[in-house]
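Annotation comment: TrEMBL describes A:2-285 as domain 'UvrD-like helicase ATP-binding'. Annotation comment: TrEMBL describes A:ALA23, A:GLY24, A:ALA25, A:GLY26, A:THR27, A:GLY28, A:LYS29, A:THR30 as ATP binding site. Residues or ranges marked as domain 'UvrD-like helicase C-terminal' by TrEMBL: A:286-555.
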Amino acid sequence: MARLNPEQRAAIETTDGPLLVLAGAGTGKTRVLTTRFAHILLTGRAKPWQILTVTFTNKAAREMRERISLLLGSPAEGLWLGTFHALCARMLRRHAEYVGLTQSFTILDTDDQLRLLKQVMAPWQIDIKRWSAPGLLGVIQRWKDRGLTPERITPTEDSDFANGHARAIYTAYQARLKQLNACDFGDLMLHVTEILRTRPDVLAQYHRLFRYILVDEYQDTNTIQYLWLRLLAKHPEGPANICCVGDDDQSIYSWRGAEVENILRFEKDFPSAKVVRLERNYRSTRHILGAAAGLIAHNSERLGKTLRPGREDAEGKKVSILGVWDSDTEARMVCEQAEKLRAQGHALKEIAILVRAGFQTRAFEERLMQTGLPYRIVGGLRFYERAEIRDALAYMRVLSQPADDLAFERIINVPKRGVGPAGLQKLHAAARANNLPLTGGTKKLLEDKALKGKSAAHLRQLMEAFASTRDILAREGHVVAVEHLLEESGYLDMWRQDRSPDAPGRLENLKELTRALADFGTLGEFLEHVALVMDHDENGQDDYLSIMTLHGAKGLEFDTVFLPGWEEGVFPSQRTLDEGGLKGLEEERRLAYVGITRARQEAIIFHAGRRRIYANWQPSMPSRFLDELPDEHVIRHDEGGGFSQQGLNLSESVFDNGPIIARRRKDPMLEAAPALQLGDHVRHPRFGEGIIISADRHHVEVSFESVGTKRLLSSFIEKI
DNA sequence: TTTCACAATGTTTTT
DNA sequence: CATTGTGAAA
């Protein structure tokens, strides 16, 4: 306590009644949460299992658990601490029968959901071009985010999608899930909330249990999570001891159903609520904070909060803005700077490249590979999303749940067993006719000798593999059993015979999977873990540079942060702008705010004059956010409108804040545009001289002497 | 049923 | 571009 500032202390000591803690970036939020947890225990207000602690990511949950263990001096076990979904899964296992599931229901991954939805959609003959299955799945998920069960969808809402059939398909989809004794991710929240809503006895049980509720990242909660929390928090007698921690300026998940309104409305929801603001930032330098604060001030709907430097010494360097010729130069310069930092003795772990969207990572990856700098793409293709891992998991699911039709469908023809769509239909028919799951139907057909040819032989072998594995499972445990199954089913052989270059890596991954399996007591525990915690600690804790999306970087911090791609259309993203309008823009701005505030020492922003998107080059203009950064906190290294080829010479100055090069770009397109006409002779810094062959407001097409015809932003060329 | 060739067609962010 | 889906031939 002694090491905390007065606001932090207030946030911890206000234990009873509703409390909203508005915690700006780097203001010691996690510390407050964990200390508060310990404080409640140590003052005897509650036992560890009487505190419900909800986080948004598995990582946050893990960290919190570790820090609480540290504070308590013993491993934190038996706590109700986890993500919304993990906690709901735990509750739903206890009360599954109330929503027509059994205690052993399966949780579907995205692949399964999609496959199932496609099957369900088939009878409607929806125009798949216009209403793709993933699109419709998104619609359903957003309904679930808002707590809308099929019966609650109003006709108005329905008609917007899939020619008015969306609600009917949703209904059918839910019915099919129930048949399969399965639920998707959204259902975890939806079902539990439904149970709490309709079963007062169950709700009362949790009211008795949870004396205190702690919620992290409250600004990211969606409607269903809000409803769930409110049900649990609103005790019939006495005020709710709910403490929500969040930052409206870091709300960046509205596309996933998050409602900033939840945090904006907190004081209305809980009338006696107290509000504590944490505004002292101990992470970043004064310039970084100034730049971030200046930027976020352009947003309108805010609770209002100003980050103040918590350390007196922290003047630091200004935020750098670098304009470069193209995206290749950008990648090169970022990597060179990173290399230089390492040469100066900085750890690569303290450097991050934060991008807006996944496709931007490739350029850096290629460059770093050439350079030989160790790097890691965080949150890219994750371990459990790889095909071979999902296949292996499907084998395990069938082993543990023979009725898991979706898993069986996934592996029935992997490796090839001569069972295509037609064969699968036959199995389905047999299963339905005998009221059996697919595995049962298959067995039946084999016994009846109703299958012929190689598919029969292969399937018989597969069923035998499962049968023998079950014996082994009982006798020798799940690790040996799974190894046996993958061997006997021919799955491992399939990859061993595969001559493609990534096959050895896949086998390696499968080995890693069986290794992870050993950390769990039973197969069921392992599968539950995988379904909910889709991440995996990869071995080796070397010093590597991180490349990740801005979303992925939330909650992390680094000494140096590179922020490439600050260009209109990329960041702010065109798509968000199109779909979300002003709200979308404000969310992008919050994302920019998150990005800048990840840096402890230094933030370096890049924008390129042109960028390769798919196969061809696209001209791009600097992000409007650059103009919103206050001049006293940034230093702009644009040269020649930001399109210099001598960017390398500039790089010296980036880190010592050398001479400020005059800022010439305001809106280059409009500045240069009027003077150009068809037939004009022009010069381009890179392509040399040419003649304009077409022109519109922003672009011109120029036939160059050396490189042929190019389409360019008119600001890049000069008339001769 | 599988395999191959070719076209099309999007590409944010994730529990 | 890189993946995914579609259609025709083996």
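Here the Cβ of each residue, glycine as well, is placed from N, Cα and C on the backbone.
If you take every residue in the domain 'UvrD-like helicase C-terminal' (A:286-555) and average the pLDDT, you get 86. According to its DSSP assignment, A:ALA23 (ATP binding site) is in a strand.
A:GLY24 (ATP binding site) counts 27 other C-beta atoms within 10 Å of its own C-beta, drawing on all protein chains shown. Secondary structure at A:GLY28 (ATP binding site), taken from DSSP and collapsed to helix, strand or coil, is coil.
Apart from A:ALA23, A:GLY24, A:ALA25, A:GLY26, A:THR27, A:GLY28, A:LYS29, A:THR30, the ATP site neighbourhood in this chain, defined by C-beta within 8 angstroms of the site C-beta centre, holds A:VAL32, A:ASP247, A:LEU278, A:ASN281, A:ARG283. In sequence order, A:VAL21, A:ALA23, A:ASP216, A:VAL245, A:ASP247, A:LEU278 make up the list of same-chain residues 6 or more apart from A:LYS29 (ATP binding site) whose Cβ falls under 8 Å from its Cβ.
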